[in-house]
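According to TrEMBL:
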- 14-186: domain '3-hydroxyacyl-CoA dehydrogenase NAD binding' (DOMAIN)
- G18, A19, G20, V21, I22, G23: NAD(+) binding site (BINDING)
- 192-260: domain '3-hydroxyacyl-CoA dehydrogenase C-terminal' (DOMAIN)
- 313-337: region 'Disordered' (REGION)
- 323-337: compositional bias 'Polar residues' (COMPBIAS)
Amino acid sequence: MPSSPCAPDHVRRVACVGAGVIGGGWVAHFLARGYDVTAWDPAPDAEEKLRRLVAAAWPALEQIGLADGASPDRLTVAATLAEAVADAQFVQESAPEKLELKRSLLAQLDAAAPPGVIIASSTSGYPMTDMQTEAADPGRLVVGHPFNPPYLIPLVEVVGGKQTDAAAVEWASHFYEAAGKSVITMERELPGFIANRLQEALWREALHMVANGEATVKEIDDSITEGPGLRWAFMGPCLTFALAGGEGGMAHMLDHFGPSLKSPWTRLEAPELDDTLRTAMVDGCDEAAGGRTIAQLVAERDQGVIDVLRATGRLPRQRTEGTDGNASTTSSMGDEK
Ligand SMILES: NC(=O)C1=CN([C@@H]2O[C@H](COP(=O)(O)OP(=O)(O)OC[C@H]3O[C@@H](n4cnc5c(N)ncnc54)[C@H](O)[C@@H]3O)[C@@H](O)[C@H]2O)C=CC1
Ligand SMILES: C[N+](C)(C)CC(=O)CC(=O)[O-]
């Protein structure tokens, strides 16, 4: 077992490797929770982009409550990967979703990080078994799959690969909880984990409807935000459908609607993501954005998530007594169980 040199709730220094949309979001989250964060990203403009992302996220983070001592000033951008992880007590990898790159990067991180320190990948779909093949100590490599933006959406799915030590998965789950996340620890690897597997089914149908001219991008988005999405923020799809069975609950729902719900399973096919569909999706999203910039949409999304968290009783949350003004001060969101 990679005996981590640090208890999950005593971590103070986190390294984030890859600082784009998700790596930057992780940086913002860890800073807001009071950690010292060291980031590394090979892109020449990475530091500027990262600091811009953190600055844009900070007002939302102030709204939901910062840990004592939290500050963007506690971010250091390292010149090399080795420097970034040299002193880390936890490493979050968020490099591009390319299997070969992940394999080699995780091996480099394993070689450079202090012995025993847990290294998590943000991958949105690769099983850790396929990514840990080149590492000398694959036992300490786990998946920690976040949701965009990681500084507001509580969920992290944690799962190991065939060579991951069970204790590493357990340590990572405890660490994310201490860092204010809501954790699902998976016993076994599933492509897409749980939430993306569900999202993939929805996404396939959305693309299919656009490809076939059956619905516009706006209609698809409205159908969720004005419909099931309102329920899903606080009650999942299974319990929601149990209520479709009235007093008979899920049993009646399945007896009543089961046969009619089953027939589509056999007729649904994957669409071809060709240039025509790509253009239709890009144009449809531009139209749905209605002239709003990405920065405006990010601010709108962040406020929307905060409003939903607050409306559903997940904000504000009591802080626990922080003795060191750091990670022991739990998040104001996400881990109410
Ligand atoms: N964008 C999303 O909504 C989500 C993405 N993810 C996962 O997060 C990871 C990162 O995705 P994004 O942030 O969206 O991509 P991105 O393209 O925004 O950022 C990737 C960053 O990695 C950097 N990079 C390139 N080569 C690198 C290397 N060898 N080592 C370290 N960094 C390197 C790039 O310069 C870039 O800044 C992927 O594994 C993705 O599947 C997970 C959940 C949601
Ligand atoms: C688009 N994506 C598949 C990378 C999204 C995710 O992995 C999770 C999310 O943020 O919905």
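Glycine is no exception: its Cβ is also placed from the backbone N, Cα and C atoms.
A quick note: this is a predicted structure, and the numbers were derived from the prediction, not measured.
Comparing Cβ neighbour counts within 10 Å across the binding-site residues A19, V21, I22, the minimum falls on V21. Listed in sequence order, the residues of the same chain lying 6 or more apart from G20 (NAD(+) binding site) and placing their CB within less than 8 Å of its CB are D41, K49, S94, P96. Using DSSP to sort the residues of the domain '3-hydroxyacyl-CoA dehydrogenase C-terminal' (192-260) gives these counts of helix, strand and coil: 55 helix, 0 strand, 14 coil.
Secondary structure from DSSP puts G18 (NAD(+) binding site) in coil. Apart from G18, A19, G20, V21, I22, G23, the NAD(+) site neighbourhood in this chain, defined by C-beta within 8 angstroms of the site C-beta centre, holds C16, G24, G25, W26, D41, S94, A95, S122.
Mean model confidence of the domain '3-hydroxyacyl-CoA dehydrogenase NAD binding' (14-186) amounts to 98 (pLDDT, 0 to 100 scale). When Cβ atoms from all protein chains are considered, those within 10 Å of G23 (NAD(+) binding site) total 25, not counting its own. When Cβ atoms from all protein chains are considered, those within 10 Å of G18 (NAD(+) binding site) total 25, not counting its own.
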